[in-house]
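These features come from TrEMBL:
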| type | residues | note |
| --- | --- | --- |
| COMPBIAS | 57-77 | compositional bias 'Gly residues' |
| DOMAIN | 112-522 | domain 'Amino acid transporter transmembrane' |
| REGION | 1-80 | region 'Disordered' |
| TRANSMEM | 143-165 | transmembrane segment |
| TRANSMEM | 191-214 | transmembrane segment |
| TRANSMEM | 234-252 | transmembrane segment |
| TRANSMEM | 264-282 | transmembrane segment |
| TRANSMEM | 302-320 | transmembrane segment |
| TRANSMEM | 351-371 | transmembrane segment |
| TRANSMEM | 396-420 | transmembrane segment |
| TRANSMEM | 441-461 | transmembrane segment |
| TRANSMEM | 467-485 | transmembrane segment |
| TRANSMEM | 497-523 | transmembrane segment |
C-alpha cells in the first residue's frame, strides 16, 4: 500500500502525561512525559463503525470530527495520522502509562490473567471458613429475617463488586490496581488512605491471622479424629499446630505473584465448596438433637434484643469478603480498547459468586435447621464434632477437617499477596530496583511468623466475627458506592445518584451499628481476653 506523500516513515512519538502510581510517587520516579514509540500506520486502516476520533489540541477542531465525516480517504496528512493512530490503539491497546516498577511487584508482575483465573481467585477470596459461622446469626434473627438479611446482603455486595470492576479503568489512561489507589482517587490522597487503609489491612493481614487460628485448630481436630483414643491427650499443643500450619503457609507463599497462585486458588475454591456442602449435608442427614429449638432468643430488655440483632447482622456481613482483592485480581489481566479487562473479570466473578450463593444459603439454612439455638460458637464444624462424632464414620469427619485446612492454606496466599505487594513496593521505591529472591523470601517469612505471633498473642480473634464484620463492612457495602459518585459523577437526583448515596449512607450506618452490636456481645457474654493463652 502506498505511503501518503509527505507522511513520515519513522515511528510516531506520542507524549503521554505522567500518571502517579500508588499511594505516592516513589523517589526517583520520572517526572517527564513518557515517549511511546508507535509504528507508522498506513492510511486506510479500517476503523470499527461508530468509533470516535480522538481530538487534537492543534488541529483546529478537524481532529475531533468523526472518520465518517466529509473528506473520506482524501483528508489532510494530519487527519490521516490521527486516523492511523486511532486504528493502531484500537488494535493494540490503551495508551496507558505504566510505572516500570509495576513489573517488579507481585500484584502487577504478570498480566496474563483471564476469566478462569478471575473465577478461581474470586471464589477463593469470597468463600471460606466464615461461611460456617452463618448459622450463628439465625438464633438472633429467626427464620424469616435471617433468610431476608442474607439475600439482601448477597445482592448488595454483588452490586458493589460490579462497581469496583467498572471503576478499575474508569479514568482513561489509568488503571487502579489496588483498592487504596481507587480510594485516594475518589476521596483525595490523605482522606482516601485513612478511610481505606485500616479495613483493607485487617482484611488482608487480619484474615491471614484468623486463618492461622482456624487452620491450626482444625489440624489438631483432624489429628484427634484420625488418631482416636490412642492420641489422647494430644502430644502436640495448639501452639505447635499453629507453627505447623504457618510453616506450610510460608512455603507456599514463595510463589512469586498473583497469577502464579491461580492453581492454589482453584484448590482453595474447590475445597471450600466441598466442605461447605459436606457440612450441611452431613448435618441434615443425621437425627437432630432432642432439645433443638427455633424459638427466638428472648432478651430481658429492648436494648439487649437490639444489640443481639445487630451482632447477628454483623455475622452475616462478615460472611461476605473479598472486595478488597477485586481490583488486584483485575490488575493481573491485559486490557485493550477492543478487549477491556472488565469483561473477563466480570464473567469470572459471576461464575464464582453463583457458586458462593450455592454454598452460603444451604449452610445457613441447613445448619440452623439441624442445630437451632444449640449451635456452638465455633460454627458448623464444631457442631458436627460435638453432636455427631459418634454417629458418623470418622473418615467423613476427618475429610471435612482436611478440606478446611487445605482451604485455609490456599486462602492465606491470596489474602497475603497485597501485603507482600506493599512490602516490595516500599523496597523498590527506596532502592529503585526489584527485590532479589532473598529479599522476597525474607519479607514473606517475616510476615508469616509475625502473623503467627499475633495468633498466639490474640487467640480470641476468631471469636470477634460480629465486631470485625462491622468494622470492615464499609469496604464491601459503602465505599464502592461513594467511589462511583466521586469518579463517575452521575447526574444529581438521578436514579444512580439516589441509589449510590442511599446504599453508601446505609452501609456506613450499619457499620457503626454492627460494631456496637459486636462490642455488646463481647461484654454480655463475658469474653475474657486472655493474651498469649491459646487453648491447649
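Backbone N, Cα and C atoms are what each Cβ position is placed from, and that goes for glycine too.
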Contact between the transmembrane segment (302-320) and the transmembrane segment (441-461) (3 or more Cβ pairs under 8 Å, separation 6+): no
Considering the transmembrane segment (497-523), which listed stretch of 264-282, 351-371, 396-420, 467-485 counts the most C-beta pairs under 8 Å: 467-485
For the transmembrane segment (191-214): best-contacting stretch of 143-165, 234-252, 264-282, 351-371, 396-420, by Cβ pairs under 8 Å: 396-420
Distant-in-sequence neighbours of the transmembrane segment (264-282), which means Cβ under 8 A and at least six residues beyond its ends: 117, 119-121, 123-125, 127-128, 131-132, 252, 255, 352, 355, 358-360, 362-363, 365-367, 370, 380-381, 384, 388, 392, 396, 399-400, 403-404, 406-407, 409-411, 413-414
Within-chain partners of the transmembrane segment (396-420) [C-beta distance under 8 Å, separation at least 6 from its ends]: 106-107, 121, 124-125, 128-129, 178, 200, 203-205, 207-208, 211-212, 214-215, 218-219, 221-222, 225-226, 245, 248-249, 252-253, 255, 257-258, 261, 264-265, 267-269, 271-272, 274-275, 278-279, 282, 324-325, 328, 381, 384-385, 388-389, 440, 443-444, 447-448
